[in-house]
Amino acid sequence: MASSMPLRYLALTTPHHHPFLHKLHKLHLLASLSPTPFTQQDPHQQQQQRKHQNAAQVNYINDTNSSNSNESPRVDNPKSGSYFPKKGQILELVCESLAFKGKGVCKVAETGFVVMCDRALPGERFIGRVTRRKGTYAEVTKLKTISPHWDLVDAPCEYASYCGGCKTQNLSYEAQLRAKEQQVHDLIIHVGRFSDKIQENPGIMKTIVPCDMQFHYRNKMEFSCGPQKWLPKELSGEKQDGCVNYALGLHVPGFFDKVLNIDNCLLQSEPANMVLEAIQDCWRNPQLGLSPYDTHSHMGFLKHLMLRTGRNSDTNVLELMVNFVTTSYEPELLKPLVEKISVIPEVVSIVNNVNTSVGNTSVGEEEYTLYGKSTITETLRGLKFQISANSFFQTNTRQAEVLYKLIADCAALRGNGSEIILDLFCGTGTIGLTLAKRVRHVYGYEVVPQAISDATRNAKLNNISNATFVQGDLNKISENFGNNFPKPDIIISDPNRPGMHLKLIKFLLKLRAPRIVYVSCNPATCARDLDYLCHGVKEEKIRGCYELKSIQPVDMFPHTPHIECVCLLELC
């Protein structure tokens, strides 16, 4: 009998320490579930953070494994002679739910041992082979589906079975929303420790906001080049040699050196697909002399093709930027491609980022404009934003309108221009700038220098003079942090996936701003940070001083496991 204990909180990621779990340090980080790189810190600090992260991971997996104790005792698997499945063992499994990053959560029937499987969906019965064991859970590869999952639909994308871009296309959108909402609910209860709070006031947990565009919603896509197309096993006999086998597409999940050739992507705009098709049609021509970059030999010219879609603020017409990332500046090699795609009406900018490093990054040390202008524009909440090749901008502009309205609603500005906003992890300043005209001043902090430059430029573009943007690492704040701005009335924190560092949380608890709007792209670290802010950390002698008023999940990226949340905290 399957356990009734919720499973989706398995994949908690905690890059900062969780002191009350310090005694549990048995296993390695669940890197395969949510790989969140550490920010640059001293080695001792990294070691301590990993130690606490491992402890938190183990705790929640152990909770899940032990949840069967009332129904099924821990006995040896009769097939393997052990409670722990062995590498290479074949199992028949049923997917019960989805964990963070979209992996299916299953249990070994005889023991209840937790098994994770990529591309397994709730209700699906399948045969899987154990590929590795990590102590209290194992990973399996699906070999054969016995019976399909619940809410099965046909995936419209021909690459859906192999591409890692949108793994849940064959799950109905309504079921995707239910899974995401349930995942947030379980994390808030089991990681955030808000069970009693939500029982007293169920309205705290809001219904997820769906995305009205399930396809063609991304305004940025990055495609990689490779010397050889990756093919699934069933098509391996179709491999060809030479230029015809060059790949331009997306990385196969889990492999930095394998590229699945993509001719059309349903996540990007139609004009972007026109550009992709035009380039795919000609770039392999041997007469052009274009060679793809090889991540092993570090030879080759063309690394990436980045496509960004904006909208002209005056005409409301789509406009497209094409960015070729190359290992050297040789415009004559790109000229045939530039001539071919510049005739597409929506293409208004073609740039070349030159990246000479052996890494696979798309950010160049130098940038050259090959055609048209160097930026495109986008409109968000009535403001204009200039977007360069390497600017950060919300990748779903239409749903960002919804997200930013929710943030503004939580901020509940008085509208008389008297309030101070502290905008943490401000990026290019989009959130703070959309609120600036209704407040006294916005102070934004961000670690990326280019983002600060973009924020300052966007403030000038919109004639906003009451916004100050400062470059600085919020994971390394000093005792003097806070001396350069007045006490804020509202704090907006929009951290990246690792969430907020404990140093920053201590600062916020000491600052005691009346209201915090926490915007999260990782519900696991969001739940952890809300726990700290509301309940404190006893072992660190940290007292929480906030009350959770609401948490609103938002689906920004359909067919992917990613979830955005807008949370409102008020000072007790």
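Placed from the backbone N, Cα and C atoms, the Cβ positions cover glycine too.
Unlike curated records, TrEMBL annotations are generated automatically.
Not measured: the values here are computed from a predicted model.
Annotated in TrEMBL:
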ACT_SITE  Cys521  active site, nucleophile
BINDING   Gln394, Phe425, Glu446, Asp494  S-adenosyl-L-methionine binding site
COMPBIAS  35-48  compositional bias 'Low complexity'
COMPBIAS  62-72  compositional bias 'Polar residues'
DOMAIN    84-144  domain 'TRAM'
REGION    35-55  region 'Disordered'
REGION    62-81  region 'Disordered'
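A 10 Å cutoff on Cβ-Cβ distances gives Glu446 (S-adenosyl-L-methionine binding site) a total of 25 other Cβ atoms nearby, all chains included. Across the annotated binding residues for S-adenosyl-L-methionine (Gln394, Phe425, Glu446, Asp494), the two most widely spaced Cα atoms sit 16 Å apart. Rounded to a whole number, the distance between the Cα atoms of Cys521 (active site, nucleophile) and Asp494 (S-adenosyl-L-methionine binding site) is 8 Å. Summarised by DSSP class, the composition of the domain 'TRAM' (84-144) is 3 helix, 34 strand, 24 coil. When Cβ atoms from all protein chains are considered, those within 10 Å of Phe425 (S-adenosyl-L-methionine binding site) total 20, not counting its own.
The S-adenosyl-L-methionine site, placed at the center of the C-beta atoms of Gln394, Phe425, Glu446, Asp494, has further neighbours from the same chain whose C-beta lies within 8 angstroms: Phe392, Asp423, Cys426, Gly427, Thr428, Thr430, Ile431, Pro495, Asn496, Val519. Fewest Cβ neighbours within 10 Å among the recorded positions Gln394, Asp494, Cys521: this applies to Cys521.
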